[in-house]
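According to Swiss-Prot:
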type	residues	note
ACT_SITE	Lys169	active site, proton acceptor
ACT_SITE	His300	active site, proton donor/acceptor
BINDING	Asp198, Glu224, Glu250	Mg(2+) binding site
Amino acid sequence: MKTTIKDIKTRLFKIPLKEILSDAKHGDHDHFELITTTVTLEDGSQGTGYTYTGGKGGYSIKAMLEYDIQPALIGKDATQIEEIYDFMEWHIHYVGRGGISTFAMSAVDIALWDLKGKREGLPLWKMAGGKNNTCKAYCGGIDLQFPLEKLLNNICGYLESGFNAVKIKIGRENMQEDIDRIKAVRELIGPDITFMIDANYSLTVEQAIKLSKAVEQYDITWFEEPTLPDDYKGFAEIADNTAIPLAMGENLHTIHEFGYAMDQAKLGYCQPDASNCGGITGWLKAADLITEHNIPVCTHGMQELHVSLVSAFDTGWLEVHSFPIDEYTKRPLVVENFRAVASNEPGIGVEFDWDKIAQYEV
């Protein structure tokens, strides 16, 4: 059969960042990992998917793909995306409910959607059911350790690049420094620029409540990951005692985790990441659930792919992440009139510049 999976090839790249980027929980980043998976069918057609990490785990993801997932998928019908998604989930469920397993699943699933789009002549935003190919976008800095002057210059760079929304990292050892930095950013950008903050789950519930109350006067759109993402009831306690809406989602890897968050965490925004929640199939499942709860669907990272998904729902915000995967593709993210624009090319709209990234393969 022409759509039978004939071959799957996975590659790992370690791509250096232009400068050290830091947050409150992951520490310093000097590179990110990109794991690509290319699926070839009997008729010779190919689709490429991918996932990424902040610098750790890439070898493990590649190993799970090569030893556990890829051999089991040879001979399967690539058009049966939902069935393959379910198969992968249960094939490796016992050793990985989320985490490395869902990162690996994501790369394969995205490749299958790439094949689907190319076969049907449809871009991802249309395959996802969207009527629109643009969405709101904000720049998310990994800037916790930037001196204040550099932080403010960085924010100015975002605005000069055509964005009207920004997010900064918080979680410094001295909370007053966070408060002062938030105040300085708001004073710099004025009242009309959308402004978010992200603690990378570095605070206790009590600390998060204290900080939120201290900065609510600065018109913060959301407070992201104030505390551990597993502490759904802790999120609810923060929400019950503060005014700034809460956001999370990048550390939720299964539909069950999203379900717990919807039922318990009292979120204002949710941010699934297709690189780690089972690919496009997993992302759409999460997005449908989030939408049922009348919560805007936002994203984390991989803006070159997520622009199509956020545009399809058009309720939330696309994060333009500081890991610039899009700069290693043939079409870096396009921004017009403060909105990100999804590709109209059939497939996922992401084509890697293999010559550019070849030097970083390991």
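Cβ atoms here come from the backbone N, Cα and C positions, even for glycine.
Cβ neighbour count for Glu224 (Mg(2+) binding site): 27 (other Cβ atoms within 10 Å of its Cβ, all protein chains included). Cβ environment of Glu250 (Mg(2+) binding site): Glu225, Gln271, Pro272, Asp273, Asn276, His300, Gly301 lie under 8 Å away, each six or more residues apart in the same chain. For Lys169 (active site, proton acceptor), the same-chain residues lying six or more positions away in sequence with a CB closer than 8 A to its CB are Ser22, Asp23, Ala24, Gly141, Ile142, Asp143, Leu144, Ile197, Asp198, Ala199, Asn200.
Of the chain residues outside the Mg(2+) site list Asp198, Glu224, Glu250, Gly140, Lys167, Ala199, Asn200, Glu225, Ala247, Met248, Gly249, Gln271, His300 have their Cβ within 8 Å of the site's Cβ mean position.
Using a 10 Å Cβ-Cβ cutoff, Asp198 (Mg(2+) binding site) registers 28 neighbours. Over all protein chains present, the Cβ of the residue listed as 'active site, proton donor/acceptor' has 25 other Cβ atoms lying within 10 Å. In three-state terms derived from DSSP, Glu250 (Mg(2+) binding site) belongs to neither a helical nor a strand segment and is classed as coil.
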